[in-house]
Amino acid sequence: MSKNWFPLLCASVLVVYVSIASSSTGTASGAVTPTSPTENTTGPLIENTTLRTHEVFKINMSKFPYRVCSMAQGTDLLRFEQNINCDSFKPTKEDFEEGIMVVYKRDIRPYTFKVHMYQKILTFRQSYSFIRENHLLGFSQEHLAVPMWEVHYINKLNRCYNSVVRNVAGATYVNYHRDSYVNETMLLVEDDFSNTHSSRFVTVKELWHKPGSTWLYTTSCNVNCMVTVTTARSKYPYDFFVTSDGKVVDISPFYNGSNNKHFGENRDKFSVRKNYSMIAYYGRDNAPEVAHPLVGFFERPDVLMSWDIVEEANNTCEYTFWEQSERTIRSEADDTYHYTSSSMTATFLTSKEELNESDPSFQCIKDKANEQLQLIFNTSYNETYVQSGNVSMYETTGGLIVFWLPVKEKSILEMEELAVAYNNTNSSTRRKRSTDSASDSNKTSEEVLKSIVYAQLQYTYDTLRNYINRALRQIAEAWCKDQKRTLEVFKELSKINPSAMLSAIYDKPIAARFVGDVISLAKCVEVDQNSVKVLRDMRTKESGVCYSRPVVLYTFKNSSHVQYGQLGEYNEILLGRHRTEACEYPSLKIYIAGNSSYEYVDYLYKRMIPLDSISTVDTMISLDIDPLENTDFKALELYSEDELRSSNVFDLEDIMREFNTYKQRMIHVEGKVFDKVPGYLRGLDDMMSGLGSAGKALGVAIGAVGGAVASFVEGVVGFIKNPFGSFTVILFLLAVLGVIYLIYMRQKRAYEKPFEHFFPYVVPPTTVKEAPPSYEQSQYENIKEKAASATKEFSLEEAYQMLLALQKLDQEKRRKAEADDEDFASNGQSAGFLDRLRNRRRGGYQKIQNEYEV
């Protein structure tokens, strides 16, 4: 019992001594740095220890847990690599293949062929002949198509008739050249105005005109027969063609009357002749004849055209040769092939799906492309290379056609054959290609671009990618060499502290020690993380001796026994408390545990410092590289072809189509205008014709009368519409109104003053103006007038005698006036028109004779 109490007594004395020493030290150091309130308090005892809670503090845990890594012998053995082999750097997974490439582009040039145009040009000249000079007033021209029978005559004899017969509105009109009224043939000669793409042959080079008689107008007629051999062009898909003078024909040049080619004109005006013979050239007599297998004729009101009809497949080709590349590298990406040519400085992208060689559009270029590939191979590769495959066709994203012939060196092929023989396998060496084509490569021929800028851009990108990947390969190789050198450094440092080096390398806590030339590894034993506590005081019981690292209290898992150790690096707990040093004053030490650091001043804990507030020494040089992956550039089109066409206000094709349509419409309207027979007369004539001969005769009579009446009415209407006629009618109406006004005034005057009107020769009495009488005199005169107002009444006989006397008097006065007029007229002294007009109301007016005339 006494043996048990003695150790307890010694432990109690030690605890009291440590408490007193810590209190005195805390008081001494408090003069420099303030301490926390818990340092001056007495806490409860820690279980299974003689320490109290105020003498320790808890620490946190971060990446590495608190563990004990001291061991006697490890279970795993490791060694450092002696030689490190650096593998070759391959940025992307690409398979390269060498070959020959021939590129064809879409032929945008139109199909060109010859067209013969037959026309008769009527020129009407009008002139006026004066006394000494003739004046040309102008001319007009009219283009007419040569009849079909006359076209055959021209193609046989190189001659054309000088007359034109037309039927307009049921009437026949005939025009002769030079108004000769003789129908004869004329020789076709070459015109002086032919050019490189057109040749014209005419019958008249100079126009003729004969002036008329003096003060007369004259109109002359010239009939010129013209045959034009010109070129026409038709663009894919060959639905119409355009002649060099701008005439648009909405017919496919390959339409033969029975195939499915486009035809948009009047079918009644189109005909086809097989084995048609015609002269080889115009302008000469006795020209040789040439047979044409199939000739098409199309007639318009102003021209008749003919051209040779041929097969489209034998005379047109949708593609034409563009470029060839003798040295081409093909690389395979996920969905596409890249054809890179350094001579063309371009890279072309195609899908992995091959084109169908039996397509009719490729028949015209397939044989030529194969011959060209074989020629290049025989001249450049035949000695050292062999063909490693057949010719294949691909379409690029820009609409180009690529013919590809893969080649391979003979030495490489021999090595492959040896490898195949060694492995005793019959597997094909041909690489399996994906049949899934890229969605962007399925373009129709109407959507492709007409530019290859995208190919040059793709080549630029691939070139840069190769340069960058080469640089990355060099960096990777240099990095590998640096790792070899770093390994040697780690191996030498591991001899000093193997556990620290191995923990840093494997990024986890490891216990390591050298056992000869190898390293023995053991797993660290983790302790109860919540039981880890650090003493605040780093001083020992011996004077002048302090711990070199803080003392730690901990317990193992599933154990309550408290162990003592010292805090190592990265939360490692070092077994034992034998790591001491001589105390140094003043002293400042900071120890890292978890995510925090703990500051000890003069070997006493002062405060906790956040780890983020302490700067780190960054020796890491990061290397973050990624290889450039494949990127397929797409051929972008800012505006489509239709948008570019519609953005221009002038569209030549539409303008010419509209112009030709307008011309045909005007000719049709002209025929309707000249048809002057009214519809009702046509209906009446049809009705009368159905009644037999009598009805037809009656209809002719009615039509003649109706035509005469209609002609008279049209003449009157035409006269009124004429400016001179309208002015004449207005003057006539004014004259009629004037006559009516004079008659009205005469009748009014006769009604108001009949005596003066019927007896103008009776002179009325002269009125004498006197002063008015006085009142008495006026009364007297009134009495006298009343007395004399009683008049005598006359009988009917007397009235009759008076009328006879008046008649006799009137006759005498009129005879006397006529006699006087005759006398004055004989003497040259008649009254003028103005005098008679001025004195028309005064009957019997005569000019007074002077004394000399008497």
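Keep in mind that glycine also has a Cβ here, set from the backbone N, Cα and C atoms.
The record in Swiss-Prot lists a disulphide bond between C69 and one of C524, C546, C583, namely C524. According to Swiss-Prot, the feature region 'Involved in fusion and/or binding to host membrane' maps to residues 212-219, out of the candidate ranges 156-163, 212-219, 332-339, 748-755.
Through the fold, the transmembrane segment (724-744) approaches residues 718 of its own chain, all at least 6 residues removed from its boundaries and within a Cβ separation under 8 Å.
The Cα atom of N382 (N-linked glycosylation site) lies nearest to that of N390, taking the glycosylation sites N356, N390, N595 as the candidates. Per-residue pLDDT, averaged across the topological domain 'Intravirion' (745-854), gives 64. When the C-alpha distances from N183 (N-linked glycosylation site) to the glycosylation sites N275, N356, N390, N558, N595 are tabulated, the minimum falls on N275. Counting in whole angstrom, N595 (N-linked glycosylation site) lies 94 from N256 (N-linked glycosylation site) by their C-alpha atoms. In this structure the C-alpha atoms belonging to N558 (N-linked glycosylation site) and N390 (N-linked glycosylation site) are separated by 78 Å. In the three-state DSSP assignment, the secondary structure recorded for N275 (N-linked glycosylation site) is strand. Long-range neighbours of N390 (N-linked glycosylation site) (same chain, six or more residues apart, CB within less than 8 Å of its CB): L405. Of the listed glycosylation sites, namely N183, N275, N382, the sparsest Cβ surroundings within 10 Å are found at N275.
In this view, the densest Cβ surroundings among the glycosylation sites N256, N356, N558 belong to N256, judged by other Cβ atoms lying within 10 Å.
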